[in-house]
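Here the structure comes first, spelled out in structure tokens, and everything after it is commentary.
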Amino acid sequence: MKITNFTKSFLLYEIIVGMFLTLKYFFKSKVTIRYPNEVSKLSPRFKGEHALRRYPDGEERCIACKLCEAICPAQAITIEAKEQPNGSRRTTKYDIDMTKCIYCGLCQEACPVDAIVEGPNLEFATETHQELLYNKEKLLRNGDMWEHVIAKNLKVDSIYR
């Protein structure tokens, strides 16, 4: 047994095996995509930039139940609510600190009316920290911009909910 181990270490057996493995994959077709020019298809469950949705009549979906704020493990969501004259509650402030967010999707799962969702946008880099502090208006704009894709993804995913 010692002679076998000595022979393997003398002939650098592990390095040779590793080089053959490298050569094997070197000549296979590449699986990498060239990202900015080529974009892969996103899953309907992709968790990207947050958005607040509206009903088709334009009314905000959020009922200020604060379940998303309570369930957020990173404590990235801050909500302030006010009761309306008709008895319903609406948010006066809905902020998400995207620098704290871990994109777990628990806020989306907790929402009883599908108001807060993580949309399909994965390219939302910014130049300043302040731009990553999303307020209600920014979230509603995101929802309006991506509503057609978000609605389709939620419909596809509805069989699993």
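Think of each number as a place in line: the chain as shown, counted from 1.
Every residue, even glycine, has its Cβ placed from backbone N, Cα and C.
Summarising the annotation, Swiss-Prot assigns [4Fe-4S] cluster 1 binding site to CYS62, CYS65, CYS68, CYS111 and lists sequence analysis as the type of evidence. Summarising the annotation, Swiss-Prot assigns [4Fe-4S] cluster 2 binding site to CYS72, CYS101, CYS104, CYS107. The domain '4Fe-4S ferredoxin-type 1' annotation in Swiss-Prot covers 52-82, and the record cites sequence analysis as its basis. Positions annotated as domain '4Fe-4S ferredoxin-type 2' by Swiss-Prot, on the basis of sequence analysis: 92-121.
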If you count the C-beta atoms lying within 10 Å of each candidate's C-beta, which of the binding-site residues CYS62, CYS65, CYS111 ends up with the smallest number?
CYS65
An 8 Å radius from the center of the CYS72, CYS101, CYS104, CYS107 Cβ atoms defines the neighbourhood of the [4Fe-4S] cluster 2 site; name the other residues of that chain inside it, in order.
CYS68, ILE71, PRO73, ALA74, ALA76, ILE77, ILE102, TYR103, GLY105, LEU106
Tertiary contacts of the domain '4Fe-4S ferredoxin-type 1' (52-82), defined by C-beta under 8 angstroms and 6+ residue spacing from its ends, are 88-98, 100-102, 104, 106-117, 136, 139-140, 142-144, 147, 150
For CYS72 ([4Fe-4S] cluster 2 binding site) and CYS111 ([4Fe-4S] cluster 1 binding site), determine the Cα separation and express it in whole Å.
11
For the recorded [4Fe-4S] cluster 1 site formed by CYS62, CYS65, CYS68, CYS111, which further same-chain residues have Cβ atoms within 8 Å of the site's Cβ center?
ILE63, ALA64, LYS66, LEU67, GLU69, ILE79, CYS107, ALA110, PRO112, VAL113, ALA115, ILE116
Alpha-carbon distance [CYS104 ([4Fe-4S] cluster 2 binding site); CYS68 ([4Fe-4S] cluster 1 binding site)] in Å
12
